[in-house]
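Enquirer: Below you'll find the structure I mean.
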Amino acid sequence: MRYVDEFRDRAKADILVKEIERLLARMKRDESRPLQIMEVCGGHTHSIFRYGVEGMLPKSIELVHGPGCPVCVLPMGRVDDCVAIAERPEVIFTTFGDAMRVPGSRKSLLQAKADGCDVRMVYSPMDALALARKNPAREVVFFGIGFETTMPSTALTVLQAEREGIKNFSIFCNHITIVPTIKAILDSPDLRLDGFLGPGHVSMVIGDAPYEFIACYYKKPMVIAGFEPLDILQSIWMLLRQIDEGRCEIENQYARVAPAGGNAVALQAVAQVYELREFFEWRGLGSIDHSGVKVRDAYAGFDAERKFAVPNARIADPKSCQCGEVLKGVIKPWQCKVFGGACTPETPLGALMVSSEGACAAYYQYGGIKRGRDDEASAA
Amino acid sequence: MNMVSIPPRRARGKVHVPTVTLAHGGGGKAMKDLIDDVFVSAFDNPLLSPLDDSARMDLLDLAQYGDRLAFTTDSFVVDPLVFPGGDIGRLAVCGTVNDLAVGGALPLYLSCAVIIEEGVSIDFLRQIARSMAATAQEAGVKIVTGDTKVVNKGACDQMFITTTGVGVAAAGVELGAHRARLGDAVLVNGLLGDHGAAILGARGDMALQSPIESDCAPLQGLIASLLNAAPNTRFMRDPTRGGVATVLNEIAEAAQIAIDIDEAVTPLRDEVRGFCEILGLDPLYLANEGKIVAIVPPDEAEPALEAMRAHPLGRQAAIIGNVVAGESGRVTMRTIFGGRRIVDMLVGEQLPRIC
């Protein structure tokens with residue numbers, strides 16, 4: 001396939017791996033621990049496991065799988081709110097596929113569907129709006145979830161609904177924003193990261209300027225990375241080159257898709273429809289100030305939270321889960337007390353075991369657990 | 001073929017209404033008319049025509065094909081009922097025929113039990129029955145007994161079909177996952193995931209127009225050619241729901257062996273790859289309805305491959321991997337990128353990813 005296979009070229013991968021090894025060999029660094037690079041985005045995590053990228057890298061590089069899976073970081077209380085809305089007989093509740101399995105304190109949307117709720121999987125919020133047009137006697141609610149990647153499409157759908165005067169459509173807004181989240185990770189006292197692979201899809205919308213503080217104030221380099229395995233290898237190589245040359249910048253490997261200034265139309269729609277929430281709760285990370293958005297008063301009629309007065313209960317994460325420590329790279333997924341035992345993709349306890357983009361689920365499914373444990377055994 | 005004595009042909013009933021009603025399941029004249037008009041006329045054969053409570057086959061006649069009876073059953077619930085490359089009727093015949101054939105048996109007879117929701121059009125029912133009849137002919141099997149039930153509107157999704165199959169396994173054909181040995185080759189007979197992608201595309205949930213057709217086909221001919229070329233074939237299975245990944249895991253676990261496959265030589269249609277890229281799905285877990293996974297001893301791998309490729313349903317056959325030394329029960333894949341990953345059992349249903 002054109003524009004895909006070019007980015008999965010094995011010969012080019014071998015060249016990049018050799019370059020990475022060469023850079024590492026000459027680099028001045030603390031040899032007692034591996035270089036820790038966090039890929040912020042869940043899409044990166046998925047690709048890394050899907051193509052076995054981690055296993056191709058020297059062991060002195062450790063990839064830390066960050067908080068960028070919006071499905072994984074959704075707190076239990078918000079899922080309970082979804083289920084409460086979906087349980088209303090007048091509601092058709094629409095959602096992206098992988099959000100169906102996220103456990104709430106009572107049940108997931110998949111279980112709610114099995115219990116008779118009208119929960120439907122859609123591929124875009126516009127599909128949900130089409131359902132609202134087709135079912136004027138029902139209330140169609142779209143589960144707005146995701147970072148800046150999906151935020152504009154939900155906003156544009158609200159604006160479209162307003163233009164058409166559609167009254168039976170609303171969104172349950174759980175969109176989150178990446179910058180405060182990276183800041184929360186950087187502020188963590190147990191942080192060990194040496195650099196970041198920046199989120200490509202998010203950057204397509206917001207550009208590269210919002211990340212400048214990472215290089216300027218926290219002195220950590222970042223390379224905005226694409227999602228194909230060659231993109232990831234090249235971005236790691238670019239990051240190492242910065243470290244080797246003593247530079248600390250925000251570089252863009254994914255310029256073919258993510259323009260420096262972002263996407264003005266998308267940003268305008270986002271600014272028009274949403275405003276920042278004071279606080280937003282994350283699974284595994286607790287509350288992060290200004291990390292979520294809500295629907296502005298001007299569009300209150302499209303806000304399911306106001307339309308259906310959701311319970312909005314805060315449910316604490318299970319105590320046994322160590323998602324927060326995994327997210328910050330303090331421990332690897334298989335080192336969590338409940339990994340693979342009480343917490344599996346079938347019965348996820350923690351956030352990171354939910355979606356295939358979550359670090360723990362990816363380790364479980366794509367065999368990272370085996371590699372990790374083998375590495376530990378051989379080190380001992 | 002010796003047959004039991006055949007009673008004289010009776011007058012066939014005819015349906016004069018456009019849709020199925022509860023009366024068609026009531027056991028009276030309406031039901032007789034429906035069975036005659038739709039099923040008996042489509043499946044037309046002397047074992048079915050008397051409409052006795054059971055079809056009776058001559059044991060001596062069966063014994064000419066082998067020394068063991070093979071017996072299997074499967075239910076078919078598919079949405080939508082008609083999809084590119086097939087329909088629920090074709091699926092119901094192929095599924096059961098293939099379950100017999102991968103066990104090394106020659107499929108001979110099928111039963112067909114249909115549960116119909118009231119309101120289904122008679123013309124549509126005829127279309128499905130004709131499709132079953134044509135597929136049965138293609139597979140060399142006869143549909144010799146059946147059952148018809150009609151349920152209230154909403155009690156089922158238009159139509160469910162259960163087919164049970166009887167076949168005969170030839171003497172000396174012994175297939176089982178436990179027979180797999182280090183170095184054996186893993187073969188598939190062609191492009192993977194077509195059925196799963198065709199069904200997902202046809203559902204329309206994904207707002208994607210896909211040109212992919214289901215691979216739904218009866219495989220008894222291909223399997224006979226394979227067994228002829230590779231008589232020591234260890235094991236075969238048709239990778240339906242759960243796809244090739246699930247079948248390989250089942251084999252690895254049952255035989256306590258490790259299997260390693262190579263992504264670069266795993267046959268996939270570009271359209272299926274593209275479809276999976278867009279939705280974030282893994283084609284290894286997509287359903288197939290016209291494919292087999294065969295474990296073949298190393299010295300018979302090439303003849304097996306040639307035999308498959310010489311058959312119309314095996315043109316794109318490939319050796320995708322081997323039984324290797326490694327952790328037993330584990331399936332791994334060398335990725336197209338040069339990495340390696342574990343191919344595990346799927347947890348639940350594959351769901352499209354958010355981004």
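Backbone N, Cα and C atoms are what each Cβ position is placed from, and that goes for glycine too.
For reference, TrEMBL lists these features for the protein:
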type	residues	note
DOMAIN	B:59-169	domain 'PurM-like N-terminal'
DOMAIN	B:183-332	domain 'PurM-like C-terminal'
Enquirer: Could you give the mean pLDDT over the domain 'PurM-like N-terminal' (B:59-169), rounded to a whole number?
Expert: 96
Enquirer: For a three-state summary based on DSSP, what are the helix, strand and coil counts in the domain 'PurM-like N-terminal' (B:59-169)?
Expert: 37 helix, 48 strand, 26 coil
Enquirer: For the domain 'PurM-like C-terminal' (B:183-332), what does DSSP give as the number of helix, strand and coil residues?
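Expert: The domain 'PurM-like C-terminal' (B:183-332) comes out at 64 helix, 27 strand, 59 coil.
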